[in-house]
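Step one of this worksheet: look at the structure below.
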Amino acid sequence: MSLRHAWICMPPSRPLATLTGRRWYSPRAQMGWSRSLALIRARATSSSFPPVATSLQAPSSSATRVGAAARAAVSPMQMVDRVAPTPPFGAADEAAAAAAAGAARTTLSFSINDQVGALDECLAALRARGVSLTRIESRPSRTPELDYDFFIDFDATDSAFLPQALDALGSRARNVRVVSTASTSAKPNDLRQRPSASTETVTAAGRVPWFPRRLHDLDTFATKVLEMGEELDADHPGVHDQAYRQRRAEITARAKAYRTGQPLPRVPYTPEETAAWGTVYRRLRTLYPTHACREFNHLFPLLEANCDYGPDKIPQIEDVSRFLHECTGFSLRPVMGLLSSRDFLNALAFRVFFSTQYIRHPSKPLYTPEPDVCHELLGHAPLFANPEFAAFAQEIGLASLGASDEDVKQLATIFWFTVEYGMCHQDTHHADGTVTRGELKAFGAGLLSSFGELEYCLTNQPEHRPFDPARTAVQTYPVTEYQPVYFVAESFRDAKEKVREFAKSLRRPFDVRYDPYSQTVQVLDSREKILQYAQTISADMQVLTHALEVLEAPH
């Protein structure tokens, strides 16, 4: 068996610092890595471990709204399959694949530190449980406290293989998770493959549903939609318009091809599409001064000045995203259709909002049964430029990471009654510290993009209740009609703090924090990680203390 089948892109003769870009390793550490590589090569010739192909690339795979997703045939709580690409087969691989027809091709990932015997122990534990690898990949870890991430494939011929593999790695590695589980006879990127309920992450605190740890992880589920953009329900005005459906397919194709870090696709909107946008824009623009919250009315003129907002041109999400990122770090990302609630909320943890780019049917510009570019850019985008609102939305996203299906359902309901259909009191704060309770105003995108419901929500017809996450989370709601109940927040900051307190009641065995510098999520499940976080807070407090001292010092 040629060793090229077992080659791994980290030859031990090369200093590992040139690969990681982080630190130099001691000769002893490099010797441990060399030993692990030798073990891989040796086992590549044995019957227990078939040839493995390796590379430095992590697996990749080639919206919502929360309420709209509830109309999809698939449950919005269903977890979305993450399918890794299959490397090119050689003749021997094809024969092995044919022999394993019907087996479940499973991809696991795990992380380890570079120390003597670390990889050796993981591979030995897998072999002891009869797990036969068909592929192994490695790359420098994106997690600061770990050194390397590994991705392994094996064909599970019975249901016991997956638990055995997870148990084998659970005590020897970190961040163990199932990337994908799919039949070997299926196409790797087949969107019809439904998610496996076993898709999970193993943390120091136990197993939880899989969740993204870094910004690029959003690529693994961005195309796994519950309902495609070109697929229309029977009540959609464009269901029988083939030209309209083809147009939507062209737009969603751009979203499908997008990957993190690329420029957002620009859509050359037609005169008919621009006319529909203009009708909606003019109607809503007259209502915003009297019906929208103060923060929205402060930001909307800035979008008109900086992002080409106006009745005669549909803004490009690339321009809007750049503006939002400069304001709060939020960014937009194109999406093909409706994502699951879990995936949609998970993205908010990274301050990423999935945005459609297609527009409602021109025959009925004042009606749409789904989110479209009018809803995204007129309803959602403006407030993502407000720091308090951005922090509130991210708080919901952070709470959804690794949460149970039931908890995600409750968080999705909170999102529905706030980000989509939230209202607030427009209080006036006086210089003497007193507050005058103001009128009700709207801040939810479902209201700010619908002139009819924007007028309706301020009447006495619906019920207005104080925002309490525990009660809001279990409130039922209609999807296709005006809301009979609205929840009223005191402020975005108050809503954020209440959601943060509510998140503490969720059944998640760890907490998380977002690192804006590396754009990663850190799981706080060990004393070392918490200490590292405390040191970060301490450094920030020193800056804050010094700034106050300078401010109060006599000049």
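Including glycine, each Cβ sits where the backbone N, Cα and C put it.
Just so you know, TrEMBL annotations are computer predictions that nobody has curated.
Summarising the annotation, TrEMBL assigns domain 'ACT' to 107-183.
Look at TrEMBL and you will find 196-552 tagged as domain 'Biopterin-dependent aromatic amino acid hydroxylase family profile'.
Here the Cβ of HIS375 (Fe cation binding site) has 25 other Cβ atoms within 10 Å, regardless of which shown protein chain they belong to. Secondary structure at HIS375 (Fe cation binding site), taken from DSSP and collapsed to helix, strand or coil, is helix. The Fe cation binding site annotation in TrEMBL covers HIS375, HIS380, GLU420.
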Cβ contacts of HIS380 (Fe cation binding site) (under 8 Å, same chain, 6 or more positions away): PHE353, SER355, VAL419, ALA445
Secondary structure at HIS380 (Fe cation binding site), reduced by DSSP to three states: helix
DSSP-derived helix, strand and coil totals, residue by residue, for the domain 'ACT' (107-183): 21 helix, 33 strand, 23 coil
